[in-house]
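Taken straight from TrEMBL:
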TRANSMEM  6-30  transmembrane segment
TRANSMEM  51-72  transmembrane segment
TRANSMEM  78-98  transmembrane segment
TRANSMEM  110-131  transmembrane segment
TRANSMEM  143-166  transmembrane segment
TRANSMEM  178-201  transmembrane segment
TRANSMEM  207-225  transmembrane segment
TRANSMEM  237-261  transmembrane segment
TRANSMEM  281-308  transmembrane segment
Amino acid sequence: METLWYALLGLLFAAYFVLAGVDYGVGLLFRHLARDDDGRRRALAAVGPFFLGNEVWLVAAIGALLGAFPLLDGKLLGTSSTLLAVLLCGLVVFTACVQIRSRAKRGREIFDVLIATGALVTVVGWGAFLGQLVQGLHGLPNWFSLLCGLVFAMLVLLHGGTFLALRGTDDARAKASAVVTAGVAPTLIGVGVVAVAGFFTAGAVELPVVAVAGVVILAAAVLFAGRWTAAGRRGRAFAATCVAVVAPLLIVGFARLPYGYVDAADPVNSLTVTQGATNAAAFDLLTIAAAPMIPVLLGFQAAMWWLWRRRVSSSTPLFY
């Protein structure tokens, strides 16, 4: 049962990275794509209908972690509390500022800066956290985990770019496409540097073949995102960046198996997925509760994307 729930946990976090990654990517880009307030509001309108729904997946993922793997939760969240606190501060600033920026006519430029800053802190924080898990380290991030954070931010920026190229106005579409095509090369370089550095420093990797395969898939996804964007195949490009932002999560989740938490400094403190899991009775209750909820979440998300599938135009309601 713990294997099933570990896979479900990965699915929930993957959904969060893909969907909320759109929010953060747009937050990183929208000031660059539009200089006037109307253009920025229309860039935010591209994610407006999905904004809060995208963030729900993080709540679901944390709930699954707490319920199914209580010992892993204490290790994963407790040993990197400072980094995660900074990450959550960035997330709160980003979410709050997106919702209140357009409620007053004054101070919108300040809110725009806070939105971009909050998005950057959030995605760098997530990347740094994944970097720490790969190394089996905890506490304050080191140079490798910060490098992972910066590269993950580049992946999320590309993800936001392909989304705006798919759903944005004509002007935003052209600028976002240019950002994606220009960002492919530096992102690939960043991925390569992290991969080489990780070969020497990633002490928590138990299955190096899985890690290498994940890096290859990640690099291929970035490359195809750029090619498909240049060719005008925007839907395929967006699908490619979906793979790109999920790949680091899958590398961390599967390359460390059978361990769910690795302490490189003191291996005695490491926990396998089985050791970190709850008991069979709790798993039964969780499964009964989750069985109807996961399809409801998926159905609601799919319905929202279908209802708001058209591109942003001059007649699109401006949520933020």
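Including glycine, each Cβ sits where the backbone N, Cα and C put it.
Please treat TrEMBL annotations as automatic predictions, because they have not gone through curation.
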Contact between the transmembrane segment (6-30) and the transmembrane segment (207-225) (3 or more Cβ pairs under 8 Å, separation 6+): no
Residue numbers, six or more beyond the limits of the transmembrane segment (237-261), whose CB comes under 8 Å of its CB atoms: 6, 10, 13-14, 17-18, 21, 69, 72, 75-76, 127, 130, 133-134, 148, 152, 155-156, 158-159, 161-163, 165-166, 180, 204-208, 210-211, 214-215, 217-218, 221-222, 224-226, 228-229, 269-276
Range from 51-72, 78-98, 207-225 with the greatest count of C-beta pairs under 8 A to the transmembrane segment (178-201): 207-225
Contact yes or no, the transmembrane segment (51-72) and the transmembrane segment (281-308), 3+ Cβ pairs under 8 Å, gap 6+: yes
